[in-house]
Amino acid sequence: MGFFDDKQDFLEETFAKYPPEGRRAAIMPLLRRVQQEEGWIRPERIEEIARLVGTTPTEVMGVASFYSYYQFVPTGKYHLQVCATLSCKLAGAEELWDYLTETLGIGPGEVTPDGLFSVQKVECLGSCHTAPVIQVNDEPYVECVTRARLEALLAGLRAGKRLEEIELPGKCGHHVHEVEV
């Protein structure tokens, strides 16, 4: 059975947003649905999406592999994405990465034995003014991350708290600051 076999309403709603000849535009929402429900994108899901939108698995994989959001190996319940671009590096992201991987005992593509955590370095998360930044799953960013904030974040996640329930020491927030224009 395919992933989308029992999701016909979702498919109809998604495809209705695009002209019939533009079904390929639905690649992103279909990938996102798989990622949200399964936590990662299996090769057979790439093939299924390609069939549904009328393209090749190579094209679907090309779209999926462009974005760091999509995972191609199983991830932990909490997938920690550490920004690795210059602003975050200058603000201490490398030291946070080292602490994180040593503390959890895992590297990229690995999951902690309890299934809670996986880690990944990602390119710019777009919050250079609050560097260093970590994103947990698809949640708002954890900004101005220090070792103390990272320790509190890990403890809160281990305790089963939602991101917004975790008290982080120091100043900064859980989200990208919105600027009104």
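Including glycine, each Cβ sits where the backbone N, Cα and C put it.
As recorded in Swiss-Prot:
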{"type": "BINDING", "residues": "Cys83, Ser87, Cys88, Cys124, Cys128", "note": "[2Fe-2S] cluster binding site"}
{"type": "DISULFID", "residues": "Cys144-Cys172", "note": "disulfide bond"}
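Sequence features, as recorded in Swiss-Prot, placed on the structure.
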residue: Cys83; record: [2Fe-2S] cluster binding site; Cβ within 10 Å: 29
residue: Ser87; record: [2Fe-2S] cluster binding site; Cβ within 10 Å: 17
residue: Cys88; record: [2Fe-2S] cluster binding site; Cβ within 10 Å: 26
residue: Cys124; record: [2Fe-2S] cluster binding site; Cβ within 10 Å: 15
residue: Cys128; record: [2Fe-2S] cluster binding site; Cβ within 10 Å: 16
residue: Cys144; record: disulfide bond; Cβ within 10 Å: 18
residue: Cys172; record: disulfide bond; Cβ within 10 Å: 17
Listed in sequence order, residues not in Cys83, Ser87, Cys88, Cys124, Cys128 with Cβ within 8 Å of the centre of the [2Fe-2S] cluster site Cβ atoms: Ala84, Thr85, Leu86, Lys89, Ala91, Ala93, Leu125, Gly126, Ser127, Ala131, Pro132, Val133
Whole-number Å value for how far Cys172 (disulfide bond) lies from Cys88 ([2Fe-2S] cluster binding site) (Cα to Cα): 15
Cys144 (disulfide bond) and Cys83 ([2Fe-2S] cluster binding site), distance between Cα atoms, whole Å: 12
